[in-house]
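See structure below.
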Amino acid sequence: MSETPSTSYSVNQPNSSESEQSLSTRHFNVTEPVVAKRICFYKSGDPQFNGIKMVINNRSYKTFDALLDSLSKRVPLPFGVRNISTPKGRHSITNLEDLEDGKSYICSHQRKMKPINLEQASKKPLPWQISRPVSARRRAVQLARENEDGFGHRESKITTPKKMLVFKNGDVRLRRTIVLGKKNTQTFEAFLDYMSELMQYPVVKLYTTDGRKVPNLQALILCSGAVVAAGREPFKPSNYDSLGYSRPAKLLGIANRVYPKANAKSESENSKKWKVSVLTSDMPSAGTSSKVYITLYGDHSSSGPIFLDGEEGKLFQRGNEDVFTVNTGNIGHLYKIRIGHTNAGNSPAWHCEEVQLLNLFSGEQFSFPAHRWLAWDRADGEISMELPVLQQGQPILPVTVYEVHVTTGELWNAGTEADVYISVYGERGDTGSRQLLRSQKPKKFLKGQTDIFAVEAVHLGHLYKIVIGHNGLGSGNGWFLDKVVIKDPVTDLDFTFLCHRWLDQGQDDGNIARELTVTDASTFPGPSLQWRQELELRREETWATEKWKFQKGNTLQFYNRLTRGFICLSPDTRVDALGDKKNKYGLFDVNVKRRNICIFSSHQMPHLALALVNGHVIGKVGNATCCELCVHLQPNGCAILESARNPGHTVMFNLQGQVADETTGYAGLSKEFVVHVKGVFHHGAIILLNTSLCQALSLRADGTCSGAGQQQQESYWKVHKIGSGVCMFESVRNPRMYLKIKDDQCNGTGTGDEYCHFKIEKNLETGSVSLESVWNKGIYVGLLPDGQTKPVINTGETNIFFYPQVIKFGRQEPMGTSAAPNQEKKDFRVPQLQPAKAQKPVSQSLSTFPPSKEMRNPQGGECPLPSDDEWKVSMLTGNPGTEANVILWIYGDRGVSGPISLGKDNRKQLFLPRQEDEFQVKIKNIGNIYKIRIELDELLNEQSEWNLQRVTLQHLKSKKTLNFPANTWLSKNHDDREFLCEIPAVEAGKPIYPIVLYHVYVYTGDMEQADTDSEVYLCIYGKRGDSGLRLLHKSGIPVTFQRGMVNAFEVEAVSLGELQKVLLRCEAGAKSQYWYCDKVIVREAENNSEYVFNCERWLPFTFQDVIHSEIELYPQGKHFDFIFYFTEGDWKITVVTGDFETAGTTATVSLYAYGENKASGPIILGSGKHQLFNPNSEDTFKINFRDLGQLYKIRIGHDNTGNDPSWYLEEVRLERVVPPSDEEICLRMDCWLAEDKGEGDTWREVAIRNPAKELLPLLVYEVHVYTGAKPGAETDSNVYINLIGTRGDAGRRKLHRSKNNNIKFRHGQMDIFCIKAVSLGDLEKVLISHDGAGPVLYLCSSLEFAAFSNMDDCTPESFTS
């Protein structure tokens, strides 16, 4: 019988001393006058730091601050040397005269100093006394001798060599295999030095693969086979565990959730020691080579998995009893254990006979008979088991076999070959992470398949959540999980957990594990809550995919599956569902009223439309309210047309295709219609061939095709009509690559020959089409389960169905034939005003007027007299023309108007070669117009280009004409051309302002993963407007925005005057594409000026749970320089930080301002990372509060991020600059904004005095939060609340400190919180939420509020929500 100590350790154990190296060495000339002082400086709390010897005299250092600056460069402290004290820290040195010759002093970055053993530190050789660095082995011997002399503490020694894998923090590709032995484990510091030499970077800290800190040698020896080596940076989660050196069957990325960490108080009064005896059976091959672990569960908590380690090769052998001593926290009364192994080694199978526990604290004994194989290839295939505590021979809780139904989604390539794990949580603990190994189906996790698994565990009671994920290994490891249903045989309940998301590193949010809360628990089939939620989810998905059909101008047909006919509206207003697809009365034009409410007018008789009158469908004049029909799309893709005026009345027909009446039985009714759009496959159309609600047929870079592509531009196809019902499909993204079927292959490598010709076979019943090869009749484009295309025959399956979606409609006839009547030389038409896709929304500092509205020409009759705001826009096209939409922006000295979309007219073609097009627009008063900007929108292929000769604006009332000569090319295909341009107005043959070429230099940070391949946009703002948001896509370097690189771009624009700011935007779709920008420099060669805009942050960034993809940068980064131009509504804001050392903050600070008209915020001021908000500092900002009205309060606070977020705010001063004001508003704060100091709040509100009104009082709102009594209602998440009243809101506040409970939000508990805010008036509503960081669901039963003008007030106002 062997006895081995096995200790679980916590991340909260104190850290041992961490070695740091001197930054540099330097020789000094000590031939100074006698008055010179020779001083040695050491680093606070670091005995391993080599002392810095310096000569101090009046010639070398004039002031004490100069000495501090010099030391800051040589002593590595986070914020430099700010304090010098005597070795024991009793006296602080404040001037040069206090320093004594020959003495030693301690340097620190804060007032509190950590003393060191100077006798030990002085034994170390000084830098100038040695010519070579001390090796790790030599240093280990030195440190060992020092420890023997009494300095430091004794470390645990390793007696048996142990193999271990070491990863670099955040980079699983860099790893080293080491052997722990006596030579490299003399001390923990020596081991860190050894690792530094091996990893080729300074190793300061070690972590386990799930992020727990390894503080000493004992913890290192007990690690299970892999550690992560880090410098001074925090732990970076990654797939360290995917290489097989992890905890038992652990879900990647969710270790803290699946395996709770052991209690941190390992040696405190609540600690418990247990003696664990494990008996291995005496049957053949009963022993195991794997690592065995045990988890103890009590009514307070669990111990977490504890590895039963010892001498390798001697534990858990056949017939042995192995005894261990383990430490756990205060887990309460034991009710079950889990024992298992990691399935490692040559013979991992293990037959466990019995487990015995002895509580060394209380003397309690427990016996757990097992008699069971733990092996994947034996018995039930489990490698762990749960055993309940026995009382009088009977288990206190039953052991249950849960039936887990896992449904994979219906999407293409939804299945996975990776290993899937699940952890189930209930009222009485969890199952731990279990691999779903044995399905009742021959192959697991296939598209659309439901797999059933058995999970055995001690009964968990009411289930409330699961954590499910996979390890990302194997080909096609991405997985689309639809839902999980767990059947409890004890209670006969079915627990449903909806997911309907990807678990794929390349899809969705990139996560491969998800936490799902229970949706429904029911004992009977039928329309339960879960069923209703699934139905609503699928309806929303269907609407998102199919809503394009119901856009204005589309022509539709409604097919009825029951009658096998189309809805027809006859001239006599009768309606039936018996028409064929060529019936001219079965076409309806869409006129959208709002969202999904439309009027369907007859294409043949535009004055008539479908209408529901008294529950019957007839034809009515189209402007009647009875013609407004609400479109409800069903999960099967069909539409139900319901009266918007009388909900419940729908368009229905009987079996004979006639309008249904009261005598028709419900079984004989049909109210679902398949919607078909006319003109989908016209020549030149751009379409998607959708394969599901969120996927489309796409062309990959290698020429293969997949039905699992995203519904984006890479999946766009251009239609080439060959003949009646025969088309070719050319990739828009890769021109001259066509879809083809040849030699039993289906891909996108066609060249436009006969192998690329497909017959369009329309399926009326489903609204889909099938593509049959003209060259190989009977062969269709089909899809395999993984989405790959393959030539197939029609067997009636849905793998040949494609659902077309039109991105851009084409011509009715092929190219070369007459598509429309000849156009006149000048065609006067009205543009549509809509947001332009190419021009991203930008915060227009000069645009104070709403966008201009279109003015339509009445059909027939003369145009009415023009108003003061009506202009005629004329555009002369050269050769060639363009089919793209043209966007116009017009700039005046009082504002800007745009974007104005000069889109296509349904009757005639615009922007044809050598044609002048005229438009009539209505522009609000923007002052004197001085420039315009033209851009091409929706560039459908790389060949889009346009020669613009001239633009003319004429005021219709005054006949004043402005000329904008262009003669420019707009193109995306040529490197020397842009797809937008700015043109200044020309007067007397000269432009009002010149065109300037701005040189932009973008600096990407020199840190890991700082690079991006996302699209980056820049907008430059100056005294005269802005440049518009420009895509930074041209650079001298082929690959832009790489780590540590500088990219140069050119932005051509009408002179902006003095620059005020830039707006930077990064369009990153996933976290892996985030970009770290260091700074942006803009140079104007004309006047030799340069503007530096410091950024120093990641884009996009998250602030208060909102992702921001853009940021405004001001010149010189730290403060706004007020030599620049001011606009109306500008205020000067000064923020004063406290004058003591710890007053500064590293968090991101933001401001909200509230006026009588509206509120503004959040306004991000910056953070300590940008050298803002330092102790005893004043930071000044320029902020525009235009249109807010009279200010009555502000709220200022921070996001509590960074190493030291606590902030002491002394004062905020506000001064209006334009129009100028003599009075400065001074708002005294004098408070901590910190969760661990002061009132525990990171936000502060203060009222602003209005001379005409009484100052609003500052109230303390007492919030009573009642957590529900349902099982699993408690939460450990961070909970936030926002109080909203008639005078604004209190902002999103964290409910941090409960007045009446130490632990918040427990089951059936009431918690009291206080929120201080300026009086909100009458409370109207609250917004309450949590961040999902905790392990369980939060269910808020009710809220109560009481408002006090001060805490001594005994007569509160009460509110209940």
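Glycine too: its Cβ is placed from the backbone N, Cα and C atoms.
As stated in TrEMBL, the feature region 'Disordered' covers range 1-25 out of the listed 1-25, 301-325. Of the candidate ranges 136-164, 832-860, TrEMBL annotates residues 832-860 with the feature region 'Disordered'.
In summary, the domain 'PLAT' (1129-1247) does not lie against the domain 'Doublecortin' (162-241): fewer than three C-beta pairs, each 6 or more positions apart in sequence, are under 8 Å.
Highlighted: of the candidate stretches 272-388, 400-517, 996-1113, 996-1113 has the greatest count of Cβ pairs under 8 Å to the domain 'PLAT' (869-984).
Averaged across the domain 'PLAT' (400-517), pLDDT for the predicted model comes to 88.
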